[in-house]
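Working notes, structure below.
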């Protein structure tokens, strides 16, 4: 059954302009004092209860203004076409509306007693000019004859319904709200959705430009690259020209897939936010009285959801795009085994880190949060940098020492020439999953290691591999790894410093359907929710700006590494 909507309409104007007569004619009865008459109507196929307020003489005291306009949706300003002063006071009445009513309240100017043609002082043209200058409608009525009385109330009600409909649309998101939820003073949810949409459009535009340029270039080697390669080695240019069509087809396929995946990610995040999924999942995960236990269940639920929803896209990328272009070596069983291992490691290593992080935030409070969390995350980073290549990566790949020979000797000579403390030299079975190749370095102090993909050994000659490693050693010689590590720690410090200021903001939680007023101990909101919402709303624009700056710096570092290798 269609629910009725209550629309509050105030009828104002000078004493004696016929306000009570208009209401009496419309509602079918007299009004007394500051009375209220109601009429049930259907406007635009929606049931509406018009709640019409009449001052009926009380306006002379001017003591009712603030309460009279509270919650009003529409205002009818009435003047008497036969009373010049009442017309002159219309602007004063409108000023009062602007002062006390909501800024979006709908307004209509009414020239009443239009049946008094002989006594008329205000022409229709004069009144229309005034209404046009203010941006409202003008209607002439006669309470005596009933002319346009119904019309004026239908106009103001229809305009008010448009406003109410917009408010309703705003009010229904998020759909799920915790019991006792209050409206947010700052609409972080809407800001987040708008920012995400604008960002997606901008990034899609940039990707589309690159897609068009790749397509227009055809299967030709870019002139700049052609000139450079021709100077170095003619045979290599022929090889590049032979591979150019396949390279272009692969790039276009990846570009199309990126757009589809990005659009789905935007739609998915928008639907989840509008549905109030964050509050809903938290309520279902709050199984105990312990916040940290509930938070771990909450995180596990989101990790599992993210893993499941991303599976189709990862599978398509691996078994369709990569397979079609000859890069995929992953079997279906290995694909799912990797997923299980990843989830197990996330739970085993990520769970304790999250629990400790939440405990620290709760224990130290906002004042010293950034310092303690920064120190903790520094220790966590050093721990994972240490164990990842030694304990975690071997769970997925097999590492073996590079056998003695020409390549090993050349790499050792290169390392010695730049005083790189090479400790061990490995090969890894990258061909188990892909034919893409790679090489990287890791380790602290005098325990530096170099890892070569077995695919690289098959695809490149000794001097080419040495050239690739010379570039990587260029990064080391300029201290790029250390700089990157320090930058990430400063990023962590800055982000948690900002979070310490935002964690007590009630609107951040209320915007997403939570009732609590903040993540402080007295406010009662879960810290993990505050972190999740902060980094996906308030910090998101900052993160993209910093990412842009880091990309610029990364390009600079790549050129430095090339220069060092040359």
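Quick reminder: no glycine exception, Cβ is built from N, Cα and C everywhere.
Automatic, uncurated: that is what TrEMBL annotation is.
Binding site for Zn(2+) per TrEMBL: 471, 475, plus 558 from the candidate set 322, 400, 558.
Annotated pair residue 558 (Zn(2+) binding site) and residue 472 (active site), C-alpha to C-alpha distance, rounded: 9 Å. Summary: among the recorded positions (472, 558), the fewest other C-beta atoms within 10 A of the C-beta are counted at 558. The secondary structure of residue 475 (Zn(2+) binding site), as reduced to three states from DSSP, is helical. Beyond its flanks by at least six residues, the transmembrane segment (481-499) meets 369-370, 373-374, 377-378, 381, 385, 475, 530-531, 534-535, 538-539, 542-543, 546, 550, 557 of its own chain at Cβ-Cβ distances under 8 Å. Comparing the binding-site residues 471, 475 by how many other C-beta atoms lie within 10 angstroms of each C-beta, the top residue is 475.
Residue 471 (Zn(2+) binding site) and residue 562 (active site, proton donor) have their C-alpha atoms 6 Å apart, to the nearest angstrom. For the domain 'Peptidase M48' (401-565), the predicted model reports an average pLDDT of 89.
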